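What TrEMBL records for this protein:
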COMPBIAS  11-21  compositional bias 'Basic and acidic residues'
REGION    1-27  region 'Disordered'
REPEAT    355-388  repeat 'TPR'
REPEAT    525-558  repeat 'TPR'
REPEAT    661-694  repeat 'TPR'
REPEAT    695-728  repeat 'TPR'
REPEAT    729-762  repeat 'TPR'
REPEAT    865-898  repeat 'TPR'
REPEAT    899-932  repeat 'TPR'
REPEAT    933-966  repeat 'TPR'
REPEAT    967-1000  repeat 'TPR'
REPEAT    1001-1034  repeat 'TPR'
REPEAT    1069-1102  repeat 'TPR'
REPEAT    1137-1170  repeat 'TPR'
Amino acid sequence: MKINPAKTKRSSSEHRQESAHKHYQQGLENEKDISYAVSCYEKALDEHPDHWKTHFRLALLLARENQTEQALHHILKGIEVSCSAGQFQGWDNFTQVVNLAQHEILSLTETIRRLSSEPQTVCLGHLYMLTGDNNRALQEYNQSKKHTLKTETFHLLKGLAEANENQLKKAFSSFSNCLRSNPKHLYAYLERGKVKNALGYYEWAMEDYHLVIERKSNCAAAFYHRGKSAYALGDFALALKDFTHSRQLDPDGHFPFYHTCLLETPLKEQAKQLNNFSYAIDFDISLHKEENLQGLEQLLKKEYTLAIDCFSRIIARQTTQSALHNRGLAKFLSGDVEGALQDYKLLFAQYSGTSQAHLNMGLILFALGDKTESLEEFAKALRLKPKEGKMYYNRGNVKAALGDRNGALNDFSHTIQLNPEDANAYGNRGIVKKMSEGQSDTLQDLSEAIRLKTNNPWVYMQRGFIWAELKKFHFAFKDFNQVDRLGLIDFEFFYRKATFLLEQGYDHQALQDLNRALSINPSHIDTYYKRGMANKKNGQLSQALQDLNYVLQHQPNNIDAYFERGLIKQKLKDQQGALEDFNQVIQAQPEHQKAHLHRAKIKASLNDTQGALKDYSLILEHNPEDLNTLFQRGLNRLDSGDHKGALEDYNRYITLNPNSQTAYYNRGLAKSNLGKPQEAMEDYTRAIEIDPQFTNSYLNRGNLKSDLGDKRGALEDYNQVAQINPKLANNFFNRAIVLDQIGEHQRAIEDYTRYLEFVPGDAEAYLNRANIKSTLQDFTGATEDFNRALQINPQYANALNDRGNTKKEMGDLEGAILDFNRAIGINPKWEIPYFNRGLAKEAMGDYGGAIDDANRAIELNPEYADAYNMRGNNQTTLGMISNALQNFTRAIELNANNAIYYYNRGIAKAAVKDQTGAMKDYTKTLQIDPNYAVAYDNRASIKLNLKDYRGAMEDCTRSIKLRPNNDVPYFNRAIAKSALKDYQGAVEDYSEVIKLYPEDAEAFHHRGKAKKNLNDFSGALHDFSQAILCNPNYSLAYSNRGYLYFQLGKYEEALKDYNLAIKIKSNNSEYYFKRAYLKEKMKQVESAVQDYTRAIKYNPKLGNAYINRGNLRRQLGDTSGALQDYDQAIALDPDYALGYNNRGLLNDELNLFEKALEDFNQAIRLDPDYLDAYYNRGTIKQRHNDLTGAIEDYSQAIERNSKYENAYFNRGIIHFSLKMYAGARLDFSRVIKINPENAGAYYNRAQVYKKLGKPSEALADQIKAHNLNPGKYPLD
């Protein structure tokens, strides 16, 4: 029983795919009918838009129709679709489209950039690779991250790009990756072998070549490269075998024959090889002869005479086909074309002839001018070898020379069919197409020729001219540059390129090419004319004149040459010669208006004003409204300086013709010269309204605006001129001046540079540009421009002066002085170089010489304020403050608004301690220039000296805002903050200094002091140590670190630091004093006395040292020495309370009660709050029973220090003795509160309690006293 299969309903999607496939197959089968095939593929894509194969086929057809944009769209769409499907297809198609669109690379690039990022990078990489830009290709490849895009094609092309860029190891890796993707990719093996060869791995390379030869035994390249490896390894037999095999597989291959000839002479098989010039010849058996081999080697070395002699000897013994052929070839190559013809005729008479022989015969006949016979020989060669591309190529050249363009095109196309890599065929076909078809097809062929052979200058030249005709100047320049790079020496190229450059305004470059053209063909008249024009535009008028003289010698009726020569003579001030030339023009062409105009100008310039006016006036008598004559007369009057007359003529002209922009412009000139700038600007504006493209009106209006101070308005006018006429040189010059004045220095440099392209001989422009570069610290560029200005004008004093200033800025003071000397030599009455030389001398420390130069400058110009200022500066340096102040004051009288003068006078006043005067001058400086940061710094320093710390801080803050990277204001503000006890703020400012200067030892030291005041002892120690690291000889840092160690109780560390400080600075009394005090605390009394003595030695007025030494002497029992020290301390400072107090103690010890009491009294008079003095006086009074006085003194001490334990204790004893038990109890209780460990206070209070009848309290205190000191206070 049969069962019918179930029917499945088909989806609409499947139906569309089937329909798309049908359309695709129809297109594929009918691609010869491109229009029909395109419609089929488009229908297929309507049904199935993601069918990448359809996109690729449609792209190829569109590319053939030169619809490159659409073709590339479909290629890239197909690539994206295949990428999304996990594949990467279409690269053969992509390559074909790119090759068809070489001239549209920019368009291709922009289209590709619309892809998503990953396909974009790979596509761009392949595009650049296919167009020869390996470096950019690699940049794109290296950005690709998707593994799915890295197919064998990707790795292969990336490897080729890397190999071309000599990145051999990377190329090796890429080829290996390709082989991992496709182990059968023979081309990858071949290229990897080449990389191994280049890296010197010859045996390893041979493995790759073996594999290629195994799988493809007819691969000539593999045999050739394996032969190279064998040759490198010394296996000459294998090398010879492989080169021979390669030659047999590819008879047109050049390199196997070349490498065969490199094999060493001992290999006799060498005689069987063909040489580079005649490898296609069918040699006979006589090739084995050594003499024939010798001839071939000489031919290869281009030793034609020796080769001819050698082959002639062979022929003399036995005529052979090869010897005749080789001798004929040698003669042809040596230039003996007739001799070559005879040899080939003899060869054909005796032998049948080879295709190469007929080819060479055709070339010989063509060289002799027999083009018809030449074609016949090429036809014979083609009958012998109908698939020999070079036969068609040479015949195509002959047909092209005969004017048979279609025949030539057919032959070149046939050559390309036989050999698609024949660059010369593409190039010549492109040239022929240009003559007959069109530029588009020509560009395709020329671009293909360049792709195949990048070193053919002729092809670049032809393509460059086509680009120029198409107005694609960027591409034209690129091709012309390639021609130059390849070293082509050809008249047509230089002449046509120069013509193109002249048309584009590149006169200087055109001049170079015209010179090169004339070096090849020195008799081409039009080249001389064009060179004359180029020289004229470049300002090289003498050379231009020579060229036009030459033209007129050979073409005496060349009116244009007369006219141009007249213009040049006019510029060269040869007015008579110019007049004669314009007369020649007018004689030949009486209506030549420009010649009339210029002749009139010349008459006016020759002061023949009446003659010029007579000519114009005679015309106007007959025709008063002859606008042209009226205009010319006005111009003549304007040129001759008759501005009033010119104004009358242009007023009349404008009445008759109110719409002439030139008339308004010229009237504006007249008004401007008559001192009416506003009216002149109105006329320039009216001229612009009539003709918005009238550049001169903008230019002159801009000049007037600039003169009136409207720099921005002037700039707008100059910009308009540049937009209208980018070749108007003066506009760039004027705009550069304004740009410099408003601070846009870089743009000013660009304008001067552009101006110099047009006027390269303008020394002033070089000078101005040099000064701007110097302002921008580009001293090298500035020096080059100064030098160029001086090359143009060696007597240019301004350039010497300004170059001297730049050298001064660079630190080359001697060079600067030499330039100032030269400037003075040229113009000894000019004060400025004296002034500048003085500045240079000042910088060298020659202050007297600087003053001399200032004196000379002031003699020449008594009102030269800067010179007075400079003289004052140098006098300040030499300590001549009085004179300096006079000079600064004189400078201020001459220019009261110059902040620098006040600033410098402030410095001078500060030098003589006139801080108030200095403050006033710094304040005036800042009123004139609120941004003068250094003036804030200096004023802040004075305020610090005057203890106006808040004012100093304000000045420092302003300075910091102006120059946040300057350390001085931060440092000074930190000092002010420290003085105001804002130690944290000081730390922050010192930290800013350290950020700017991480090795600033002083900043670390001061920050350490501030941190110490914040009780940040660790931070302080770190900063003192850091200061020492920055400056190991910083003695003060050692001293302060030592003092901090002392305060922290680290006496040994302190002693080491004091020792180091004294080692660095052994005469510093403070360091000895500190060390003495430390030793005193360390109980090294005698050593301490020695240090106090040294401190006194280096500073005999150091009162504290006498006091402390006196204390130690007293301690040692040297009462006499102690008394002397106290007396000396008091003698040094009679108001020294401590001295009196300590002497009082000594007098007390010496039982000199009255003296002791007087000393304590004096100490208290000098310092009413001196606690110890009150206490000490109280003890004396107590011992001498002045108990009331003692109580008063102890109370004074307690009043000033409520925790003065001893004063309470002693006063309690007196109160007890006076039976003032309540007071005594209070005093001893206060002692116990201050010091709970004071056993004596407990004991004494117990006695008070007994007197007060409080036995239990007394017993408790007595027990406490006993517990604290059992030995001294036993229990009853």
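Every residue gets a Cβ built from N, Cα and C, even glycine.
TrEMBL does not curate its annotations; it predicts them automatically.
Here the structure is a predicted model, which means the values were calculated and not measured.
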The repeat 'TPR' (967-1000) [mean pLDDT, rounded to integer]: 96
Per-state residue totals over the repeat 'TPR' (967-1000) - DSSP helix, strand, coil: 27 helix, 0 strand, 7 coil
Residue numbers, six or more beyond the limits of the repeat 'TPR' (525-558), whose CB comes under 8 Å of its CB atoms: 495, 498-499, 502, 507-508, 510-511, 514-515, 517-518, 564-565, 567-569, 571-572, 588, 758-761
Helix, strand and coil totals (DSSP H, G, I; E, B; other) for the repeat 'TPR' (729-762): 27 helix, 0 strand, 7 coil
Same-chain residues at least 6 beyond the ends of the repeat 'TPR' (1137-1170) whose Cβ lies under 8 Å from its Cβ atoms: 1103-1104, 1106-1107, 1110-1111, 1114, 1119, 1122-1123, 1126-1127, 1129-1130, 1176-1177, 1179-1181, 1184, 1200
Composition by DSSP (helix, strand, coil) of residues within the repeat 'TPR' (865-898): 27 helix, 0 strand, 7 coil
